[in-house]
Amino acid sequence: MLSDLSMASMLLAAGAILIGSALQRLSGTGVGLVVTPVLSLLLGPLTGVLMTNATTTVSGFTIMLSVRKRVQWKRAAVVVAAALPGAVLGAYLVLWLPAAWLQIIIGTLVLLALVLTVSTPRLPHVRARTALPVAGVIGGVLNTTAGVAAPAMVIAARLARWEQRAFAASLQPIFMFMGLYSVLAKTIIGAGTVQLPPWWVLPAVVALVLGGVGIGAALETRVPPLKARTLTMLIAGAGGVAAVVKGITTLL
């Protein structure tokens with residue numbers, strides 16, 4: 001699948017990974033929202049989400065190193081532990097769902113994540129020990145099926161009154177492990193792509209993520225987080241709509 005892409009498609013995929021990584025460094029999220037719809041359109045939902053999961057693993061680890069002092073490790077560990085069974089369940093859903101429906105789900109979840117980010121009202125307070133495990137399971141399912149765990153994590157953060165800077169930092173190890181779980185679960189169960197990507201894909205993804213994180217770090221003092229989140233939403237919104245349209249037209 002990857003070897004069949006045109007040069008323009010490869011550049012578009014590379015640009016999505018680079019921009020998504022930079023935005024994640026600036027605002028805490030970006031890779032899943034930006035990369036998932038683009039790669040699912042270019043590679044199909046199975047390979048596209050699997051590649052996004054791998055990218056999220058690398059970006060989460062890389063960004064975690066630079067924000068580790070702000071990470072709330074106990075809370076992150078609760079989410080990470082709960083995400084494992086969710087990832088396994090998500091892998092079985094991927095195995096069962098038709099590709100067109102998976103494409104529609106991906107686009108819909110991206111759009112839902114954007115709506116929740118900007119419009120979720122103040123929610124009642126729920127203890128973190130209740131909200132976070134539930135978010136971990138749901139996030140594991142969403143990340144494995146659609147590459148986007150943001151809806152679950154945004155709601156959980158607001159329920160648990162998770163301070164924004166600590167939440168954004170803590171998302172990095174959470175995303176890293178969710179991505180790793182998703183790749184392993186789908187590979188073991190056989191729900192991912194059956195064709196291994198060319199040897200150069202992994203080092204290329206690592207290089208793009210490192211480049212994006214470096215760009216994000218360089219722009220951190222110049223670009224307010226609000227502007228970074230706005231750009232993330234614009235790009236992700238366009239990709240989400242395109243993914244839904246492609247899935248619907250495939251069904252028709």
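Cβ atoms are placed via backbone N, Cα and C, with glycine included.
Sequence-distant contacts of the transmembrane segment (38-64), counting only residues of its own chain at least 6 positions beyond either end whose CB sits under 8 Å from a CB of the stretch, comprise 1-2, 5, 9, 12-13, 16-17, 20-21, 24-25, 31-32, 71, 94, 99, 102-103, 106, 143-147, 169, 171-180, 182-183, 186, 191-193, 197, 201-202, 205-206, 209-210, 212-213, 239, 242-243, 246. The transmembrane segment annotation in TrEMBL covers 38-64 (among others).
Feature annotation from TrEMBL assigns transmembrane segment to 76-95 (among others). Non-local neighbours of the transmembrane segment (76-95) in the same chain are 46, 49, 102, 128-129, 132-145, 153, 156, 170, 173-174, 177-178, 181-182, 184-186, 188-192; each lies 6+ residues outside the stretch with a CB under 8 Å from one of its CB atoms.
The transmembrane segment annotation in TrEMBL covers 101-119 (among others).
The annotation transmembrane segment is assigned in TrEMBL to 174-194 (among others).
Note on the transmembrane segment (200-219): residues 2, 14, 17-26, 51, 54-55, 58-59, 62-63, 66 of its chain, located 6 or more positions outside it, place their CB under 8 angstroms from a CB of the stretch. Among the features that TrEMBL reports, transmembrane segment is placed at 200-219 (among others).
Taken from TrEMBL, the feature transmembrane segment covers 231-249 (among others).
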Beyond the flanks of the transmembrane segment (101-119) by 6 or more, those residues with Cβ under 8 Å of it: 33, 36-37, 40, 44-46, 48-49, 94, 142, 145-148, 150-151, 154-155, 229, 233, 236-237, 239-248, 250-251
